[in-house]
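Annotation source TrEMBL lists domain 'Phosphofructokinase' at A:2-296. Residues or ranges marked as diphosphate binding site in TrEMBL: A:G10. Feature annotation from TrEMBL assigns Mg(2+) binding site to A:E103. TrEMBL lists A:D104 with the feature site 'Important for catalytic activity and substrate specificity'. Annotation source TrEMBL lists site 'Important for catalytic activity' at A:K124. The substrate binding site feature in TrEMBL is assigned to A:T125, A:I126, A:D127, A:R162, A:M169, A:G170, A:R171, A:E221, A:R265, A:H271, A:I272, A:Q273, A:R274. Annotation comment: TrEMBL describes A:D127 as active site, proton acceptor.
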4 protein chains.
Amino acid sequence: MRVGVLTGGGDCPGLNAAIRGIVRKGVEVHGFDFVGVRDGWRGALEGAVVPLDVPAVRGILPRGGTILGSSRTNPLASEDGVGRVRETLAEHEVDALIAIGGEDTLGVAAALGGEGIRVVGVPKTIDNDVAGTDYTFGFDTAVNIATEAIDRLHTTAESHTRTLVVEVMGRHAGWIALHSGIAGGANAILIPEQPFDIDQVCAWVENRFKIRYAPIVVVAEGAVPKQGQMVVKDSSLDAFGHVRLSGIGEWLAHEIAAHTGKEARTTVLGHIQRGGTPSAFDRWLATRFGLRAIDTVKDQDFGMMVALRGTDIVRIPLTEATVGTKAVDPSLYSEFGVFFG
Amino acid sequence: MRVGVLTGGGDCPGLNAAIRGIVRKGVEVHGFDFVGVRDGWRGALEGAVVPLDVPAVRGILPRGGTILGSSRTNPLASEDGVGRVRETLAEHEVDALIAIGGEDTLGVAAALGGEGIRVVGVPKTIDNDVAGTDYTFGFDTAVNIATEAIDRLHTTAESHTRTLVVEVMGRHAGWIALHSGIAGGANAILIPEQPFDIDQVCAWVENRFKIRYAPIVVVAEGAVPKQGQMVVKDSSLDAFGHVRLSGIGEWLAHEIAAHTGKEARTTVLGHIQRGGTPSAFDRWLATRFGLRAIDTVKDQDFGMMVALRGTDIVRIPLTEATVGTKAVDPSLYSEFGVFFG
Amino acid sequence: MRVGVLTGGGDCPGLNAAIRGIVRKGVEVHGFDFVGVRDGWRGALEGAVVPLDVPAVRGILPRGGTILGSSRTNPLASEDGVGRVRETLAEHEVDALIAIGGEDTLGVAAALGGEGIRVVGVPKTIDNDVAGTDYTFGFDTAVNIATEAIDRLHTTAESHTRTLVVEVMGRHAGWIALHSGIAGGANAILIPEQPFDIDQVCAWVENRFKIRYAPIVVVAEGAVPKQGQMVVKDSSLDAFGHVRLSGIGEWLAHEIAAHTGKEARTTVLGHIQRGGTPSAFDRWLATRFGLRAIDTVKDQDFGMMVALRGTDIVRIPLTEATVGTKAVDPSLYSEFGVFFG
Amino acid sequence: MRVGVLTGGGDCPGLNAAIRGIVRKGVEVHGFDFVGVRDGWRGALEGAVVPLDVPAVRGILPRGGTILGSSRTNPLASEDGVGRVRETLAEHEVDALIAIGGEDTLGVAAALGGEGIRVVGVPKTIDNDVAGTDYTFGFDTAVNIATEAIDRLHTTAESHTRTLVVEVMGRHAGWIALHSGIAGGANAILIPEQPFDIDQVCAWVENRFKIRYAPIVVVAEGAVPKQGQMVVKDSSLDAFGHVRLSGIGEWLAHEIAAHTGKEARTTVLGHIQRGGTPSAFDRWLATRFGLRAIDTVKDQDFGMMVALRGTDIVRIPLTEATVGTKAVDPSLYSEFGVFFG
């Protein structure tokens with residue numbers, strides 16, 4: 001059997017570990033051979049396919065990124081996308097496809113599965129917002145990086161009397177903000193699932209100044225204030241005449257400084273959260289996902305995705321994973337209320 | 001209500017995070033006050049008790065070790081140990097006790113619970129071998145440290161043609177060895193749960209030399225070869241006349257060098273696995289354990305222990321947690337066979 | 001003798017190590033006692049002084065920030081600033097002052113020295129731009145953090161076909177950009193000392209795409225393009241109506257994307273470069289500076305500053321250190337030209 | 001011109017960065033081409049030579065170890081070693097050789113230079129004991145690793161009342177011990193250059209227990225007690241019948257435990273000190289050494305070695321670098337006496 005492997009969406013620590021697990025077990029235990037599909041669904045659309053064997057995956061376990069490249073191309077949005085993917089698979093005699101990706105990539109996989117293409121999914125996203133799995137790989141690494149950054153900011157905040165706002169990734173879900181904020185000892189954590197009250201945030205910050213312990217506010221990029229609290233002006237050109245929208249972190253720092261009369265600064269962590277060597281947990285999870293994904297192909301259990309439940313790797317229908325974003329539950333969020341303010 | 005808190009057994013990253021969670025929520029939400037019991041059960045036996053309030057737990061979240069000190073003292077082994085613990089609690093008007101520790105500490109807690117002392121347990125151990133919980137805090141940090149060490153050894157092993165043996169913690173269970181070995185790309189992982197065949201290990205090592213890719217063997221300190229493969233000599237004095245027993249890592253390096261005719265070296269990671277700042281995961285888990293432990297006291301649900309199941313924190317009877325060591329399941333271990341050799 | 005210690009300017013890893021060295025040797029060897037002056041020159045102006053002894057400096061060696069607080073207050077800009085500083089010193093019976101800081105703080109120290117106040121300087125700045133010393137502490141830590149961030153961005157850049165711009169600190173000097181850019185394998189490094197040609201930068205980036213190796217551009221916050229290449233528009237309000245000036249990193253990413261037709265993203269490292277535990281080098285250097293500074297007080301060699309020359313700590317007049325910013329020499333910069341493009 | 005490059009002795013972070021600097025500038029600026037000599041002088045003896053060009057050095061900057069392999073082979077100890085090296089160079093039309101290594105490798109280079117072979121040296125050693133250069137690359141990385149380990153041990157030492165002995169590399173010189181011990185806040189540092197008094201060490205340890213602050217003793221592997229303090233017994237077989245000599249760290253822990261009546265443990269850092277990704281400083285230094293080494297070849301300035309003096313890279317005769325080990329100066333060592341005890 002010949003198996004194709006692709007990685008779609010934003011890159012994520014652990015992708016290479018998953019590819020390695022798939023190929024090592026596929027070749028050495030099941031006797032399969034492999035091709036790599038370049039740059040996610042783009043390669044499947046355009047016939048960009050590369051050799052993939054055991055020597056190709058030597059030494060990639062600790063490396064971030066993906067040796068196969070990635071893109072956000074959606075074949076369903078292309079004319080006859082499904083037909084073209086089918087052609088690529090036929091031309092390279094690919095019997096089954098393993099798609100490693102987040103909600104979008106897996107959604108495409110589910111749709112192609114519905115069209116009879118033999119596909120198995122592996123969930124990944126640093127945001128941890130794929131439904132059906134306790135965790136996705138990449139998340140633990142991102143949380144460690146964000147926590148280390150917050151640790152660093154503590155010493156600055158305490159040396160100067162200053163609020164520090166840290167904007168972390170999470171457009172739709174606040175997992176990174178919540179985990180890193182709790183791990184980093186933030187005194188306010190703002191997530192997309194729950195619109196925040198800027199007056200409450202400022203009160204928490206003031207409170208922290210009273211005990212001479214500097215305030216750190218962790219905010220997910222997708223968090224928003226309560227209705228009416230943010231007024232966006234017409235002008236969205238920056239000093240160079242480029243159109244731009246300031247992030248929520250900058251807005252917060254501005255508001256907090258205005259309310260408290262004390263300096264406030266923003267740090268936007270950005271892409272450093274998604275790069276570099278994966279944490280031990282992510283390498284472990286990605287490796288296990290890879291091993292189980294190729295077993296799923298072996299069992300011809302197509303249309304399924306591997307998922308973590310407790311300490312077990314299970315299989316669930318791809319359609320279950322793509323019903324919507326896994327959000328932070330309000331009850332989990334409120335558990336940590338004692339640390340705010 | 002006045003609550004005592006103690007930490008017993010080997011120190012472990014996350015202890016301070018748990019103490020902080022207990023005290024912050026206990027004081028600010030439940031209105032309790034606290035005393036710290038020094039050095040585990042020793043303080044309970046000897047009446048060594050210190051103040052513990054919110055200012056005392058400020059800034060301790062990222063710090064390894066335990067602000068309360070620890071010991072391996074077992075009050076059940078002392079004359080009238082139970083009576084003396086009861087006296088200490090009475091003298092300091094302690095209504096309930098939270099014991100944070102591994103198998104031994106929790107076993108004592110269970111026994112004292114059986115004697116009517118109001119106790120709640122929090123599991124910790126870097127070894128991850130406490131039954132009833134998916135993970136204990138400290139483990140993730142230890143695995144990250146061991147994995148980083150293995151990463152470092154790869155470059156040395158590849159630059160010289162040399163086998164490197166890494167001895168990690170795990171007297172009774174191979175969790176650290178298995179997780180760090182898989183995350184670090186070891187080509188043999190030896191655990192206490194499964195006696196190893198030294199000839200097989202040497203064959204795996206030879207195999208790695210053939211592909212010019214240096215062999216790394218990860219071994220838990222408690223791993224042992226198959227019956228008859230290790231002959232311990234009478235002489236157990238070292239060069240200075242001290243009685244000593246070489247570790248399994250040294251034995252392995254010696255045997256591998258003898259079999260393969262190529263250099264082999266051992267690195268014993270030792271105490272660096274248990275110290276230093278906790279990983280984000282361990283801070284998160286320890287904090288959640290702390291918050292739930294004090295809620296358990298609030299609910300007067302004594303004789304229970306907090307535990308992780310999937311992403312939930314649950315309560316289980318202390319007696320369940322102390323039925324025996326949580327071992328690595330043979331089926332889990334064999335999942336990774338493809339990476340050996 | 002009673003010695004006052006203050007830390008001024010931006011916080012910087014190693015400040016606490018220097019304070020500890022001063023106090024340990026001052027008390028234990030020279031028999032001095034100490035007071036801490038709060039928040040740099042502000043405390044000297046306002047009489048904010050705290051006790052400072054050996055127990056106060058226990059455990060601070062690995063901690064970032066400064067236990068004495070810091071500010072950018074300039075006493076020379078206050079009415080009768082010199083007189084008020086003199087009063088504070090007299091009131092607390094301070095015989096000599098050790099001022100730890102960058103160009104501004106040391107400039108004040110030099111001026112006060114000129115007025116007869118007995119002062120010794122210790123240079124610090126993460127920017128490494130103080131004249132007269134090979135390195136300042138804080139710089140090595142900042143470069144390590146920036147290099148680690150660049151390492152992380154490599155994997156993202158290579159997985160997507162994308163330019164990544166990293167904006168690092170350095171308003172007047174490009175030391176952090178140059179060191180971290182070389183250590184991180186950047187293919188363009190832009191520094192304040194040398195206006196860059198945006199067309200040249202875009203050509204370098206294109207070149208990197210040709211070899212399928214993703215471009216990383218490291219830019220100091222103070223770098224500027226050649227005359228005429230940047231047109232700043234009237235509008236400097238952001239989407240929320242706040243006045244703002246986009247950083248050079250954002251401008252670069254926009255220009256590069258426009259020229260190359262391929263995505264470009266910016267990461268602004270910001271405050272994480274100045275916080276957290278100091279590197280071993282910075283702890284070593286700060287400790288040695290501290291020990292020598294208190295010896296300089298002992299020798300009554302006032303008006304001097306400690307400095308690093310090769311592996312030696314020497315004393316130089318404070319006035320030498322404050323003649324101007326230590327810039328990156330064009331010949332050093334051009335040494336690395338082979339790596340650009 | 002065709003240039004050969006070899007790396008000899010123990011591997012060391014920064015070797016690949018140096019190789020990359022040599023090849024990038026050699027090819028792109030000077031128009032040279034290159035061959036890699038495998039495994040240090042062994043390859044030169046046995047004619048083991050591999051291609052080395054710009055693509056071969058892409059991506060190796062952050063990688064520890066050496067892509068050329070290393071060994072401790074000494075050609076001067078082989079029959080007609082010089083002749084065989086000359087033959088290898090002639091056969092592969094190598095006009096000049098760059099030898100990267102420590103005292104031994106550079107000593108061979110000096111000798112071959114004396115025989116008319118055109119050779120340029122680059123010093124490396126994690127031990128920092130090569131004469132003539134302020135620092136060698138690899139040292140900063142090793143010190144950072146050792147310091148991080150000491151940081152981790154602090155929390156363990158403080159949680160249990162226990163002495164922790166850390167044995168670091170340094171057979172002939174105490175640079176790693178001194179730098180990491182000072183950076184890590186050790187309360188005793190023992191180096192080969194100065195025989196220690198075990199009674200003094202025990203007194204320092206006792207002192208630390210009195211202030212309830214746990215003792216950390218850092219010892220270089222080559223440190224020895226004063227004459228008569230260590231009695232080595234006949235028996236040097238371990239429990240498995242292998243001949244062995246316990247390290248100095250183990251001996252110290254045994255003695256300290258015996259004297260103080262409190263537990264003492266040893267951690268031997270071993271090979272993790274020499275592996276893994278180089279620090280920013282080491283990448284910077286190794287890159288600069290590489291660039292200057294190939295310029296030295298271009299200038300036909302053979303028999304020379306590059307060296308660091310302050311912030312400058314200079315050239316010195318190879319014979320100067322090999323006059324003997326660069327030891328820690330007693331006056332430098334005694335600067336830190338205030339921290340002991």
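Cβ from N, Cα, C; glycine included.
Looking just at the domain 'Phosphofructokinase' (A:2-296), the mean pLDDT is 92. Comparing C-alpha positions, A:D104 (site 'Important for catalytic activity and substrate specificity') sits nearest to A:G10 among the binding-site residues A:G10, A:R265, A:I272. For the recorded positions A:K124, A:T125, A:R171, a Cα to Cα distance of within 10 angstroms from the residue listed as 'Mg(2+) binding site' holds for A:K124, A:T125. Here the C-alpha separation of A:R274 (substrate binding site) and A:G10 (diphosphate binding site) works out to 8 Å.
In the three-state DSSP assignment, the secondary structure recorded for A:K124 (site 'Important for catalytic activity') is strand. If you draw a 10 Å sphere around the CB of A:M169 (substrate binding site), it holds 24 other CB atoms from the protein chains shown. In the three-state DSSP scheme, A:R274 (substrate binding site) is classed as coil. Secondary structure at A:D104 (site 'Important for catalytic activity and substrate specificity'), taken from DSSP and collapsed to helix, strand or coil, is helix. Every protein chain considered, the tally of other Cβ atoms within 10 Å of the Cβ of A:G10 (diphosphate binding site) stands at 20. Of all the binding-site residues in the record (A:G10, A:M169, A:R171, A:R265, A:I272), the one with the smallest CA separation from A:K124 (site 'Important for catalytic activity') is A:G10. Checking the recorded positions A:E103, A:D104, A:K124, A:D127, A:M169, A:R171 against chain C with a Cβ-Cβ cut-off of under 8 Å leaves no residue at all.
Secondary structure at A:R265 (substrate binding site), as computed by DSSP, is strand. Here the recorded positions are A:E103, A:D104, A:D127, and the one with the most other Cβ atoms within 10 Å of its Cβ is A:D127.
Cα-Cα distance from A:I272 (substrate binding site) to A:G10 (diphosphate binding site): 13 Å (rounded to the nearest whole number).
Comparing the Cα of A:G10 (diphosphate binding site) with the Cα of every entry in A:T125, A:R171, A:R265, these being the binding-site residues, the smallest distance points to A:T125. Ranked by how many other Cβ atoms sit within 10 Å of their Cβ, the recorded positions A:K124, A:R171, A:R265, A:R274 place A:R171 at the bottom. Across the residues annotated as binding substrate (A:T125, A:I126, A:D127, A:R162, A:M169, A:G170, A:R171, A:E221, A:R265, A:H271, A:I272, A:Q273, A:R274), the widest Cα-Cα separation comes to 33 Å.
In the three-state DSSP scheme, the residue listed as 'diphosphate binding site' is classed as coil. Cβ-based neighbour count (10 Å, all protein chains) for A:I272 (substrate binding site) stands at 24.
Its own atom aside, the Cβ of A:T125 (substrate binding site) has 28 Cβ atoms within 10 angstroms in the protein chains shown.
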